[in-house]
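TrEMBL has this to say about the protein:
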ACT_SITE  A:Cys129  active site, acyl-thioester intermediate
ACT_SITE  A:His242  active site, proton acceptor
BINDING   A:Thr12, A:Gly13, A:Ala14, A:Val15, A:Arg40, A:Ser41, A:Ser159, A:Gly160, A:Asn315  NADP(+) binding site
BINDING   A:Arg100  phosphate binding site
BINDING   A:Gln156, A:Arg235  substrate binding site
DOMAIN    A:5-120  domain 'Semialdehyde dehydrogenase NAD-binding'
Protein chains: 2
Amino acid sequence: MKAYNVAVVGATGAVGNEMISILEQRDFPINELRLLASERSAGEKLSFQGHNVTVQQLTEHSFEDIDIGLFSAGASVSKTFAPHAVNAGAVVIDNTSAFRMEPDIPLVVPEVNPHAVERQRGIISNPNCSTIQMVVALKPLHDAARIQRVVVSTYQSVSGTGRKAILELETQTRHIFNQKDILCQVYPHQIAFNCLPHIDGFMENGHTREEIKMVKETKKIMEDDRIRVSATTVRVPVFYGHSESVNIETEKKLTAQEAKALLMRAPGVRVVDDPSRNLYPLAIEAAGEDDVFVGRIREDDSIENGLNMWIVADNLRKGAALNAIQIAELLIQRGLI
Amino acid sequence: MKAYNVAVVGATGAVGNEMISILEQRDFPINELRLLASERSAGEKLSFQGHNVTVQQLTEHSFEDIDIGLFSAGASVSKTFAPHAVNAGAVVIDNTSAFRMEPDIPLVVPEVNPHAVERQRGIISNPNCSTIQMVVALKPLHDAARIQRVVVSTYQSVSGTGRKAILELETQTRHIFNQKDILCQVYPHQIAFNCLPHIDGFMENGHTREEIKMVKETKKIMEDDRIRVSATTVRVPVFYGHSESVNIETEKKLTAQEAKALLMRAPGVRVVDDPSRNLYPLAIEAAGEDDVFVGRIREDDSIENGLNMWIVADNLRKGAALNAIQIAELLIQRGLI
């Protein structure tokens, strides 16, 4: 079996760490693992398959002999360095927003639009975490009944922002309990015991960029511009796991039972939905898991063909690192690499 | 000025405590304040206007000479004891779900349907916390453009469940930080650093009672059965203050600017909406305040006449104790007591 040279760009970040774990857990066929990060982190050692791998400083020459570049170090790093990786012959799977909406660049969730990888010409984008988990759950319902409109409100964990945000929630919580003043360095307001209706920057129309990502990326991944999406994205004091309250309107009627049956056989979905035993998806239970969890599936009587559901996934895994590595696996399966 | 004999039923609970504070803060015209609770709490002393008041055990004879009974000790206590209070000549303002949907009993939010108090025949119901803050914000928009449909997802604080839930969030958080096992006594799952899509019991159609309260109470308070509501109610690890992501569809087009202008002059509403300065309503800032805070007001392009907004209020104050006392003040202003 062929083995590949894989570079992880942003190796010391929350998603980079998760990528390394997942490559190991899934026995990804690796010849060389090259860990790349900024100058500040170069020299750190990270464990992979029982060995220490030294993090190297990312430069334009970092990609010699690399087959697959997994990028997760921010959009500006991707914009600067992904072209160097492609020129060196690598396929880049980019976890940032840098190229997602470029028409020529596939935006892929393997359970939803695996065929889109065929169009790749060096760069494949990994969607936003909130979008990935939503479309995995919506795809089987869209195929069966055509989704016309989605109204989604998110409950996003701090790990989506990165390692510093995880520390900020922890530190603020400790300080509140110890009656010390709290500092807000990552978020503009206290996140401990609070909810912030603000993820990514604000646009002129009052929406955040995160909200617009959910609108646009959903259409692109589902390959259907007729799906209308309204999103409100909210940061909550949870460490790992994004939850979403999703309301959909379909063209054809789907009962809750029909939707549940479709979701139970959908790839990458685990239905957890037994209210009589207080079973529904929970962020703390999704953390560390690969699946997208769906529950609270019920009919919304406020419209003719309405459904509500609660969708939860590990934002660092399915929402980022796992999805990227699944794309790499798809490239291998299809002989594209 | 006439002064009244006021009984607080459930005086030692989270809402009862808040009622006592608010009666004091608003200089409510009180002759005698009678604090009532279960046998377990009888004998406790609570401070009011610089004096200690001893909590008495609630019995059917507790209401002699009482003018106003403020009930907040659970629906079964209200069902048993509110009739005794009414028979003794008191007007009951009931904060539980016991009588809310009875057609003869007014369900009142003073900013929305103050006239409904005129119909009272001994009992007036105070709506559910999540509903109150939502209708205060929706009323001016409904009057201007008729709301046809509401899709709401809530972010509700643990204080809505009561004192034991506040302690549970605190204790679980400490135990997680100290690597001790956590106990779930109030909620079926860990609430610290987690979100529970489960408030009140589940019904056969998969909705929770809390969700159905938002659907039914909204129509009753707004006095318009044509308003369709879809609700998902979620408990989040916040101590005080409920937040709500609200999407509305109106018959007439309202721009975000028009909606903001209407809300800025609406009673009981404070607009906090300046994304360029990271200003939007926050649970931690609403805590201790009387107003309903509205922000993130923006047009939803997924439908023709759509608006999104973020509505936050102190669930113990406007969502419970304050609204009840405003109802009492309304009864006095209108000479109904």
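Backbone N, Cα and C atoms are what each Cβ position is placed from, and that goes for glycine too.
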- Message: Taking only the residues in the domain 'Semialdehyde dehydrogenase NAD-binding' (A:5-120), give me the average pLDDT of this model.
- Response: 97
- Query: Hey, what's the Cβ neighbour count for A:Asn315 (NADP(+) binding site) at 10 Å?
  - Reply: 31
- Query: Which ones are near A:Gln156 (substrate binding site): of the recorded positions A:Arg40, A:Arg100, A:His242, A:Asn315, which have a Cα within 10 Å?
  - Reply: A:His242, A:Asn315
- Note on the structure: The correct DSSP tally for the domain 'Semialdehyde dehydrogenase NAD-binding' (A:5-120) reads 31 helix, 32 strand, 53 coil
- Item | A:Ala14, A:Arg235, A:Asn315 screened against A:Cys129 (active site, acyl-thioester intermediate), Cα within 10 Å - retained binding-site residues | A:Asn315
- Message: DSSP secondary structure for A:Cys129 (active site, acyl-thioester intermediate), reduced to helix/strand/coil, please.
- Response: helix
- In sequence order, what residues of the same chain, 6+ apart, have a Cβ less than 8 Å from the Cβ of A:Thr12 (NADP(+) binding site)? A:Leu35, A:Ala37, A:Ser41, A:Glu44, A:Leu46, A:Val55
- Query: DSSP on A:Ser159 (NADP(+) binding site), three-state: which is it?
  - Reply: helix
- Fewest Cβ neighbours within 10 Å, where candidates are the recorded positions A:Arg100, A:His242: A:Arg100
- Query: Whose Cβ, among the recorded positions A:Ala14, A:Cys129, has more other Cβ atoms within 10 Å than any of the rest?
  - Reply: A:Cys129
- Distance, A:Asn315 (NADP(+) binding site) to A:Arg100 (phosphate binding site) (CA atoms, angstrom): 18
